[in-house]
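Listed in Swiss-Prot for this protein:
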- Gly10, Ala11, Gly12, Lys13, Gly14, Thr15, Arg123, Thr132, Tyr133, Lys200: ATP binding site (BINDING)
- 30-59: region 'NMP' (REGION)
- Thr31, Arg36, Gln57, Leu58, Val59, Gly85, Phe86, Pro87, Arg88, Gln92, Arg156, Arg167: AMP binding site (BINDING)
- 122-159: region 'LID' (REGION)
Amino acid sequence: MRIILLGAPGAGKGTQANFIMDKYGIPQISTGDMLRAAIKAGTELGKQAKAVIDAGQLVSDEIILGLIKERIAQDDCEKGFLLDGFPRTIPQADGLKEMGVDVDYVIEFDVADDVIVERMAGRRAHLPSGRTYHVVYNPPKVEGKDDVTGEDLVVRDDDKEETVRARLGVYHEQTAPLINYYGKEAEAGNTKYLKFDGTKQVAEVSADIEKALA
């Protein structure tokens, strides 16, 4: 099961990604994690990426696609994988297709901008693990503390309103066109496109996903 998640920052992708990973036993492939791992391991692509980053440039699609190709060839991706944060642009989606990566499902989480801004303000993060909570929608068992370690949760700079609105602007400009792109791919029978109402409760959205993927 090869899945791409689409949705604005704060639409609930991360929470549902964890659900899908646990439920179906497939790894989440995050381009950020992949880049860090390749740089740390000193692979050929990692060295190229490091040189670009050190020069203050953005890593090219070519390098990212190369990393994805290496990553999905690993044993844990045998049953499939979940792509989160990639593709972000039409050229990246084309690159994935040209590489021969078939996508079984494209899942979109639909949430209005104002709802996202309100949501982000309530987010709390456990930085060492990357686990995230929300004071209203997905509270920790103990207020302000991580469920697993009991350590303090923090509000990330990313979750402040002006930052959120700026990121939403970028999303609408760059990534929203992928909704049309994958809609057409689905019409052509190349993938299945699933759209979920991201304003519903976390458990409800998870149940909807499970039903759709059954």
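Just so you know, the numbers here start at 1 and follow the chain as drawn.
Each residue, glycine too, has its Cβ placed from N, Cα and C.
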Checklist entry - Of Arg123, Arg156, the binding-site residues given in the record, which has the fewest other CB atoms within 10 A of its CB? => result Arg156
Next on the checklist: Using the alpha carbons only, what distance in Å do you get between Tyr133 (ATP binding site) and Thr31 (AMP binding site) once rounded?
Outcome noted: 22
Checklist entry - Nearest to Gly10 (ATP binding site) by Cα distance: which of the binding-site residues Thr31, Gln57, Val59, Phe86, Arg156 is it? => result Arg156
Checklist entry - Could you give the number of helix, strand and coil residues in the region 'LID' (122-159) as assigned by DSSP? => result 3 helix, 12 strand, 23 coil
Checklist outcome for this item: If you rank the binding-site residues Gly10, Gly12, Gly14 by how many other Cβ atoms lie within 10 Å of their Cβ, the lowest count goes to Gly14
Item to check | For Phe86 (AMP binding site), nearby residues of its own chain (Cβ under 8 Å, 6 or more apart in sequence) | outcome: Ile4, Ile29, Thr31, Ile64, Ile68, Gln92, Leu96
Checklist entry - Secondary structure at Gly10 (ATP binding site) (DSSP, helix/strand/coil)? => result coil
Next on the checklist: Counting other Cβ atoms within 10 Å of each residue's Cβ, which of the binding-site residues Thr31, Gln57 comes out lowest?
Outcome noted: Gln57
Next on the checklist: Below 8 angstroms Cβ to Cβ, which residues of this chain, lying six or more residues outside the region 'NMP' (30-59), approach it?
Outcome noted: 66-68, 70-71, 84-86
Checklist entry - Can you tell me how far the Cα of Gln57 (AMP binding site) sits from the Cα of Gly14 (ATP binding site), in Å? => result 27
Checklist entry - DSSP helix, strand and coil counts for the region 'NMP' (30-59)? => result 22 helix, 1 strand, 7 coil
Item to check | Reported mean pLDDT - the region 'LID' (122-159) | outcome: 92
Checklist outcome for this item: In chain order, residues whose C-beta lies under 8 angstroms from the C-beta of Val59 (AMP binding site), counting only those at least six residues away in the same chain, are Leu35, Ala49, Val52, Ile53
